[in-house]
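> Just dropping this structure here.
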Amino acid sequence: MPRRAASPALSENDFDITKSLFNDDIDGNDDDFGNTTTKNVEPLDANGILDLGLESDGDGDGAFISAQQAAANRKASNLKGQSVKKGGGFQAMGLNSHLLKAISRKGFNVPTPIQRKTIPLVLDNQDVVGMARTGSGKTAAFVIPMIEKLRAHSVRVGARALIMSPSRELALQTLKVVKEFGRGTDLKCVLLVGGDSLEEQFGFMAANPDIVIATPGRFLHLKVEMSLDLSSMKYVVFDEADRLFEMGFAAQLGEILHALPISRQTLLFSATLPKSLVEFARAGLQEPSLVRLDAESKVSPDLQSAFFSVKGAEKEGALLHILQDLVKMPTGLPENALNATDNFSKKRKRGPDGPTKKLKPTEHSTIIFAATKHHVDYLASLLRMSGFAVSHAYGSLDQTARNIQVEDFRTGKSNILVVTDVAARGIDIPVLANVINYDFPPQPKVFVHRVGRTARAGQRGWSYSLVRDTDAPYLLDLQLFLGRRLLLGRDCGDSPNYAEDVIVGALQRNEVESKSEWITKLLYDDDDLTALRNVAGKGEKLYVKTRNSASSESAKRAKEVVASKGWMELHPLFKDVTNGAEQARLEMLAKISGFRPNETVFEIGQKGKAAHSEAAEIMRHRREKIIPRRQKEEDEKAAAAAAAAEEDNFDSPAEENDDNDDLEVTVTGGDDDMAEASDGELEVTFSKAAQKGKGRTLSWKDSENFMSYTPKTINTAEERGYGVHSGSYNTASQNSNFVEAARGVTMDLTNDDGAKSFAEPSKAKGMRWDKKNSKYVARANDEDGSKGIKYIRGESGQKIAASFQSGRFDRWRKAHKVDRMPRTGEAEREGPASAGGVGRGFGTRYKHKQERAPKEADKYRDDYHVRKKRVAEAKENRVGSFKDGSGKSEIKSTEDIRKDRKLQERRKAKNARPSKKGKY
């Protein structure tokens, strides 16, 4: 019996050592296998086989197999003879071949740290909470394992994966990534966002999709309207989870989470996530794995930032100064827009000018973030009048218009995109060079998301921020959150580091003044632009009232920072364009702007007897009392600071770590930048500032046995900035202050029997007095926003908008003749009608069977000969009226005969003529 041929390796990780075992005497060729001859074949040693190799060296066999496997991994070859990439990247994660091809087609060679840490955990069916800085590949980290787990389209009705996004642009971008990685599979993916046709989305959900990418509001609308059953969901992703779990999406997420099955796998991803998962308790995480990468860097190391101190009335001029002198923004239409205009034609194009050509943004592409949509409209109009190519987008803009504006910026048809924070998260725009914060962000994590649009995937980028005096507390909060040094003016020296320091300075005075004057003239000439500016000013007043407040510590420090000399010094970016005379001019202007006269309004211009008036004497005596007291306080502060500095010089290093400033940081742990959250990870700890000038007292803390209520590894400023509930500093929901947190959880047992106490209003329980309408209104309406709006109770018991049950789905179902929607778990119908219900369901194709002959040709028409030819063809083919067959039946029925007789009798009675038979 001939020896069996060698089998090829089953997969990339398997290898064939048959040739080595048999000394390469077998080549595996089936044609020559029967003629194979053995050379120097030794007889089998039965004793050696029966001894089970006890006398042989097992380590030698293991070493031999390891050597063969290493050789196979070093260089393998596929069936075509081409070299295969080494394992260790995506190939080592056990992904299928179609997905690996899609990954390589996308251009991914090596997984990023967040992908390397999370993909194995997700494939192991674990709940994951992942945080990594912007541009690190978080979208692919949950899309790749999702496609690997779903594999193919399910014949059972019901979606299996849900991806929630806070904005429409982010959902659209996620859809593109899913389509790119899903090539080679038959998975169905739908996009459900606001602004699109609701009827079309009914059809999408009726087509039994596998993956649903949606925003919370529209998905809840479809769920309530269509009575969707979400029990088939196995894979749920919350992209930008900290934004989704804020109060704005509380009602929508509560209803959606209630409908999801408990056995689902839940993933949370964002660039800004707190270490504590208490705020995500509603997500239903089950023993999640927390992965926080680059927690200490927060922003890309390739990002360079500059902060400019400006006055409120000069912000528009400062913006033009940055665009023209720093960004070097060209005016007019970009080259891509000109090419698109010149090559416009209705004829379908192929090749390099066809629709497959991918246009890229220009090297001057800049995003400008504004506070409200009114600012966006005003700035977009102002920049267009300045000659720039501008696109704009905000939340309430029509969805089609938003897509057009963002796509124009993506393809390089415009250089500037003016947006609100709707585009601050997740939007990936390639080759984005600059980010400008026209309105300074009120939260540190919003700044992280804004500047994360640039310096992505190893590319360098710049961020410019305009900081008014009122924005200084938010700047200090950001500086504490990032853990960087704050340098004012020329304090940075000759070699400033814009990537690691927060450097604040002023813009060039003459440039800002000239551009501000030009804008003033433009506003004087254009009434429409003036109206837009007035509306933006009113919107800013409301925005300032409703934005989150800064921390009290930063508010106190901000007064000193703004009053310092370096606040209005020229920024180091302009050190090469200024000379000594310009610097002296700036110093003189700073002195003039900070000048405060000694005389009051009662004393200025008073001479002679008027100088000794009663009002002037009162102010003079008061000044004599206040000025020495103020000078004494300043001297005491200076002496206390000097004494504290002398004591610090004699302190040990261990004591210095306990008495650092608020600005100084203590770094503990190793420098592992890719570890899960643990007690030993790298954290930045801000120590409490000691009281200066009051003398040092012995601490009552026992260093060996004292236990603090806060872990040493907690960075207060960082956790406060990462807070989910809007990052607010003035709410008890923020656990940054133990006293505030304790006050928020206290339980009051007064009036527990429901009896009304003395002097309590009769309608005070659950009600409040509305001053505007002069009546009591429910306090619950203030919490959920249902002021004058009709609400219904959802399945979870929460109030949702009554407009979600408008009956539009029932009308759509009747219009498309869908008897009923298939239930979750039922088998999908085969054929074209599988998209709808039973019988003549949605998606059924109808074939027209009626045949009509062409009309007779008209000799006065231009196409007479063509029509004549068509008529001849119809006669030849016997189509329509020219078709052969039995003629019309002329046999009358009894009813026809009866009708004819009645008609004849009626005519006879009418004419009254005798019959011809009467003549004879």
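Glycine too: its Cβ is placed from the backbone N, Cα and C atoms.
The model shown is predicted, which means the values in this text are computed figures rather than measured ones.
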> Could you tell me which of the ranges 25-70, 623-668, 669-714 is annotated in Swiss-Prot as region 'Disordered'?
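My reading of Swiss-Prot: the region 'Disordered' range is 623-668.
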> Would you mind telling me which of 239-242, 527-530, 619-622, 839-842 Swiss-Prot tags as motif 'DEAD box'?
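Checking Swiss-Prot against the ranges 239-242, 527-530, 619-622, 839-842, the motif 'DEAD box' one is 239-242.
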> What number of additional C-beta atoms lies within 10 angstroms of the C-beta atom of ALA132 (ATP binding site)?
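That number is 26.
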> Measure the Cβ-based neighbour count of LYS138 (ATP binding site), defined as the other Cβ atoms within 10 Å of its Cβ.
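So the number of other Cβ atoms within 10 Å of LYS138 (ATP binding site) is 24.
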> Around the ATP site formed by ALA132, ARG133, THR134, GLY135, SER136, GLY137, LYS138, THR139, which additional residues qualify by having Cβ within 8 Å of the site's Cβ center?
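Filtered neighbour residues, in order: THR112, ILE114, ALA271.
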> Among all protein chains shown, how many Cβ atoms are found within 10 Å of the Cβ of THR139 (ATP binding site), not counting that one?
22
> By DSSP, how many residues in the compositional bias 'Basic and acidic residues' (851-878) are helix, how many strand, and how many coil?
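Looking at the compositional bias 'Basic and acidic residues' (851-878) with DSSP, the answer is 14 helix, 0 strand, 14 coil.
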> Average pLDDT across the motif 'Q motif' (88-116)?
90
> Using all protein chains shown, find which of the binding-site residues GLY135, GLY137 scores highest when you count other CB atoms within 10 A of its CB.
GLY135
> What count of other C-beta atoms do you get within 10 angstroms of the C-beta of ARG133 (ATP binding site), across all chains shown?
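22, counting other Cβ atoms within 10 Å of ARG133 (ATP binding site).
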